[in-house]
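*Asks:* What follows is a structure written as structure tokens; I'll ask about it next.
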Amino acid sequence: MAKLTILIALVAALVLVVHTSAFRSSEQSCKRQLQQVNLRHCENHIDQRIQQQQEEEEDRARKLRGIKHVILRHKSSQESEELDQCCEQLNELNSQRCQCRALQQIYESQSEQCEGRQQEQQLEGELEKLPRICGFGPLRRCNINPDEE
């Protein structure tokens, strides 16, 4: 019985070591991937979306004031290309955890340019939508804004 207990303890310790090693390896792999992938297209896409939202809000405000001149904006081919390339970049990352880290990295770099909490919320919202738009569904347990954890 004592030998069985020792054997079980050794197996449990071995499983823990292997799991910890795999996790550490996964973290290092993600860091390498994030250094290699260029997230510029994602940043450009998010910038365009936030700018578009602001223009739409300004247009609504003009309408409410009775100004009839409203700019209709259609999605340009450049915007579509930025989104496509962004999705390709995110898809290159091999795990949801790594994709989440990429979105957090974009948030950290882009939030510095935000003028107020409303723009930060728009940024967060656009980043949360991105995985669904790219076709790999919502990221589970991914807090885009690491300051809110």
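For all residues, glycine too, the Cβ spot is worked out from N, Cα and C.
Annotations for this protein, taken from Swiss-Prot, read as follows:
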- Cys30-Cys98: disulfide bond (DISULFID)
- Cys42-Cys86: disulfide bond (DISULFID)
- Cys87-Cys134: disulfide bond (DISULFID)
- Cys87-Cys134: disulfide bond (DISULFID)
- Cys100-Cys142: disulfide bond (DISULFID)
- 1-22: signal peptide (SIGNAL)
*Asks:* Filter the disulfide-bonded residues Cys30, Cys98, Cys100, Cys134, Cys142 down to those whose C-alpha lies within 10 angstroms of the C-alpha of Cys42 (disulfide bond); answer none if the list is empty.
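*Replies:* Near Cys42 (disulfide bond), where near means Cα within 10 Å, there are no disulfide-bonded residues at all.
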*Asks:* Of the disulfide-bonded residues Cys30, Cys86, Cys87, Cys134, which one sits closest to Cys100 (disulfide bond) when you measure Cα to Cα?
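*Replies:* That would be Cys30, the closest of Cys30, Cys86, Cys87, Cys134 to Cys100 (disulfide bond).
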*Asks:* Among all chains shown, work out which of the disulfide-bonded residues Cys30, Cys86, Cys87 has the most CB atoms within 10 A of its CB.
*Replies:* Cys86
